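Working notes, beginning with the structure itself.
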Amino acid sequence: MPALLERPKLSNAMARALHRHIMMERERKRQEEEEVDKMMEQKMKEEQERRKKKEMEERMSLEETKEQILKLQEKLSALQEEKHQLFLQLKKVLHEEEKRRRKEQSDLTTLTSAAYQQSLTVHTGTHLLSMQGSPGGHNRPGTLMAADRAKQMFGPQVLTTRHYVGSAAAFAGTPEHGQFQGSPGGAYGTAQPPPHYGPTQPAYSPSQQLRAPSAFPAVQYLSQPQPQPYAVHGHFQPTQTGFLQPGSTLSLQKQMEHANQQTSFSDSSSLRPMHPQALHPAPGLLASPQLPVQIQAAGKSGFATTSQPGPRLPFIQHSQNPRFYHK
């Protein structure tokens with residue numbers, strides 16, 4: 001049977017120490033609980049304070065809010081008014097600046113125009129003085145300028161044409177023009193009908209002026225200078241005998257045909273027959289000098305002459321090779 005062990009009896013000191021220890025532990029636990037309770041109470045108080053504050057914020061009246069809105073609106077209106085005043089001031093400054101700039105520009109334009117007029121007056125006076133020159137040659141530059149202006153306006157050379165002479169006196173002394181259409185027994189000193197030119201023969205008035213560069217291709221008789229002065233200028237009728245004797249007509253006609261076959265100078269259309277009087281004129285008709293006849297024919301024929309005429313050939317005789325130039 002097991003033996004029973006008896007607990008030894010505690011001494012008084014040990015019993016008091018154990019009692020103290022237990023009491024301290026209890027006290028410590030109670031303090032901890034109290035601290036926890038205090039913390040919980042503090043938290044609850046803080047929570048209540050937050051709730052109260054929130055409730056107070058929620059309890060704020062609508063009038064206070066309206067008052068705040070009115071204050072903000074007044075502040076905004078003041079800012080807008082200040083902005084408007086600044087804008088008006090800026091506009092005024094810009095307008096004044098524009099007026100000042102226009103005034104300066106107008107003053108500058110006035111000064112520039114005045115200076116330009118003054119310089120133009122001085123330049124014109126200097127130019128007139130340089131043009132006048134010395135007193136001895138005062139009128140000469142103006143005359144030369146007028147002459148140059150006239151040359152520029154009217155060309156270097158002006159040709160004056162006139163109607164073709166209707167009288168046979170213009171061709172007096174030239175044996176080639178002795179066979180005009182008229183009475184068989186008419187003399188050269190009497191008036192005869194004008195020679196019959198081509199259907200497209202141009203007629204010009206005495207007052208009409210033709211410039212030299214453009215006159216030559218326009219008139220069909222103003223061509224290049226021909227080597228002969230006695231060219232036939234129209235259609236003539238070879239049926240009139242004139243001053244030839246009947247015995248020599250046949251031989252002269254044969255010579256003329258032979259010459260027409262040999263020559264290489266012909267018109268664009270056909271060779272016009274020439275009267276035998278042009279080859280073998282009467283001895284009485286050759287009494288007048290040929291030089292005045294040429295001058296008279298050139299002056300009265302109505303054809304415009306150039307400043308440099310072509311070479312003049314003497315009258316063709318029977319001994320020379322007969323070549324005829326027809327217009």
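For all residues, glycine too, the Cβ spot is worked out from N, Cα and C.
Within the model, the coiled coil (14-109) shows a mean pLDDT value of 92, rounded to a whole number. Positions annotated as coiled coil by Swiss-Prot: 14-109.
Long-range Cβ contacts of the region 'Disordered' (26-65) within its own chain (Cβ-Cβ under 8 Å, at least 6 residues beyond either end) are absent. The region 'Disordered' annotation in Swiss-Prot covers 26-65 (among others).
Sequence-distant contacts of Lys45 (SUMO1 cross-link), defined as residues of its own chain at least six apart whose C-beta falls under 8 angstroms from its C-beta, are absent. Reduced to three states, the DSSP call for Lys45 (SUMO1 cross-link) is helix. Summarising the annotation, Swiss-Prot assigns SUMO1 cross-link to Lys45 (among others).
Annotation comment: Swiss-Prot describes Lys71 (among others) as SUMO1 cross-link, evidence class experimental evidence. A simple way to gauge crowding: the CB of Lys71 (SUMO1 cross-link) has 10 other CB atoms within 10 angstroms, across all the protein chains here.
What Swiss-Prot records for 178-208 (among others) is region 'Disordered'.
Per Swiss-Prot, the feature region 'Disordered' maps to 253-285 (among others).
The region 'Disordered' annotation in Swiss-Prot covers 300-327 (among others).
Sequence annotations record features per position, and here Swiss-Prot assigns asymmetric dimethylarginine to Arg312 (among others) based on experimental evidence.
Residues or ranges marked as omega-N-methylarginine by Swiss-Prot on the basis of similarity to another entry: Arg323.
The asymmetric dimethylarginine annotation in Swiss-Prot covers Arg323 (among others), and the record cites experimental evidence as its basis.
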